[in-house]
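Residues or ranges marked as [4Fe-4S] cluster 1 binding site by TrEMBL: CYS14, CYS50, CYS79. Under the heading [4Fe-4S] cluster 2 binding site, TrEMBL lists CYS146, CYS150, CYS153. The domain 'MTTase N-terminal' feature in TrEMBL is assigned to 5-115. Annotated domain 'Radical SAM core' per TrEMBL: 132-370, in sequence order. The annotation domain 'TRAM' is assigned in TrEMBL to 372-440.
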Amino acid sequence: MSQAPKIGLVSLGCPKALVDSERIMTTLRAQGYSFSRNYEGADIVLVNTCGFLDSAKQESLEAIGEALNENGRVIVTGCLGIEEGLIRETHPSVLAITGPHQYESVVSAVHEHLPPVPNKFLDLVPESGLKLTPRHYAYLKISEGCNNRCSFCIIPQIRGDLASRPAGGILAEAEGLVRSGAKELLVISQDTSAYGLDIKYAESNYRGRPVKAKFYDLAKELGQFGAWVRLHYVYPYPHVDQIMELMADGLVLPYLDIPFQHASPKVLKAMRRPAHQEKTLNRILNWKRQVPDLTVRSNFIVGFPGETEEDFEMMLDFIEEAEIDRAGCFKYEPVTGAPANELEGIVPDEVAQERWEQLMEVAQNVSAGQLSKKVGRTIDVLVDDVQPDKNVAIARSKWDAPEIDGQVIVANADGIKPGDMVSVTVTGSDEYDLFAEPVKAVQAA
Ligand code: SF4
């Protein structure tokens, strides 16, 4: 019997690219391919690239170069795939190049250069597809593309306009993920709160009943599966107010990831950010009054062209006044093809660096203050990892998304396993993490 052809996969970029990689893997596995963890064992290597920033492009080109050196047979896909000329110029020997979310094209390219063997592995593909995340949490992509035109971003050029998935398909996928062991669903897209706009909130069937492709309706339905539902990339549009009732009812986690990027109206206008005209501070304070446990995570950009000291101070005040629990920050980086490159008022590197340091300090103080309020509380945490030598479990609370937020370090973790949901008492906190002890026996996974 011939052996299954083996594919090596290098996945770069954001969670959306990760989901693309999972879909490609799932399709190929269902067709009888297997996967190699190293270059030597692979018959061919797929590189799923990122093209968001120039530094990400460079990293992608380097990853392609490494795969060519180590293996020699390379197919490129993902966001950088739209720049075929650039890839061919740097690496003329790549076998094929396809763009973002072109699953069929990348799969055909694999067929062409590494034909499949007769399919005898179908039954080995789990219901949830193949995942690059641990079994206990999963990303759920609800749409592709974006209708906004932020001046620093080329994602709409790369990924196109908003294209929402029908609600029925998303719910069926979510149900399968939960049945396969996911205890947390992380809803992602480029603009989650705009979900359904492009398909006029069309109804589709889920278990014989119609469900609208609407942000609120989808979130409410997802809440019925009993898993944690975490919303990422939400913009503070007025209709997001409705989600607070779902949080208060425990259907959706009291957590919103809102990439504000700035707080000065002038800079937000120059950035052409969605919802920039809204009274955002009041909106967040209202949300926090309704759902006192609400954690807001955000990202900010310092050094955007034209940003003055006054604009920057406005951003610091906003982080403090809105009590942005988790804040990340980038220094502005011009992206080839982005309209913001034409703007005047370049901020010198050293000023941007100084502002970055200042912002991170303010954000850290706010985070430390917010976390210290949790000490003494009993909360549920989801365990990601255990360190038996230290008798410690590394877990997350409802306030922590994987990879980007803090952790809950649980002491006396005898018998606790990754994927367990454990009730703990918070005993301490620092700038980003909580420290805790289990309060009762571990609940079985
Ligand atoms: S919302 Fe703005 S930054 Fe986000 S993907 Fe759309 S255009 Fe880019």
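Heads up, residue numbers simply count up from 1 along the chain you see.
Backbone N, Cα and C atoms are what each Cβ position is placed from, and that goes for glycine too.
With a CB cut-off of under 6 A applied against ligand 1, the binding-site residues CYS14, CYS50, CYS79, CYS146, CYS150, CYS153 are reduced to CYS146, CYS150, CYS153. DSSP assigns CYS79 ([4Fe-4S] cluster 1 binding site) to a helix. Within its own chain, CYS150 ([4Fe-4S] cluster 2 binding site) has GLN261, MET271, ARG272, ARG273, PRO274 as residues 6 or more apart in sequence whose C-beta sits under 8 angstroms from its own. When the alpha carbons of CYS153 ([4Fe-4S] cluster 2 binding site) and CYS50 ([4Fe-4S] cluster 1 binding site) are compared, the span between them is 13 angstrom.
Counting other CB atoms no more than 10 Å from each candidate's CB, the binding-site residues CYS50, CYS79, CYS146, CYS153 peak at CYS79.
Each of ASN148, ARG149, PHE152, ILE154, ILE155, PRO156, GLN190 belongs to the same chain as CYS146, CYS150, CYS153, is absent from that list, and has a C-beta within 8 angstroms of the C-beta centroid marking the [4Fe-4S] cluster 2 site.
For the domain 'MTTase N-terminal' (5-115), the number of residues in each DSSP class (helix H, G, I; strand E, B; coil) is 55 helix, 22 strand, 34 coil. Shown in sequence order, CYS50, PHE52 are the residues of the chain, 6+ apart in sequence, with a C-beta less than 8 angstroms from the C-beta of CYS14 ([4Fe-4S] cluster 1 binding site). Note: the CA-CA distance between CYS146 ([4Fe-4S] cluster 2 binding site) and CYS79 ([4Fe-4S] cluster 1 binding site) rounds to 14 Å.
Looking just at the domain 'Radical SAM core' (132-370), the mean pLDDT is 93.
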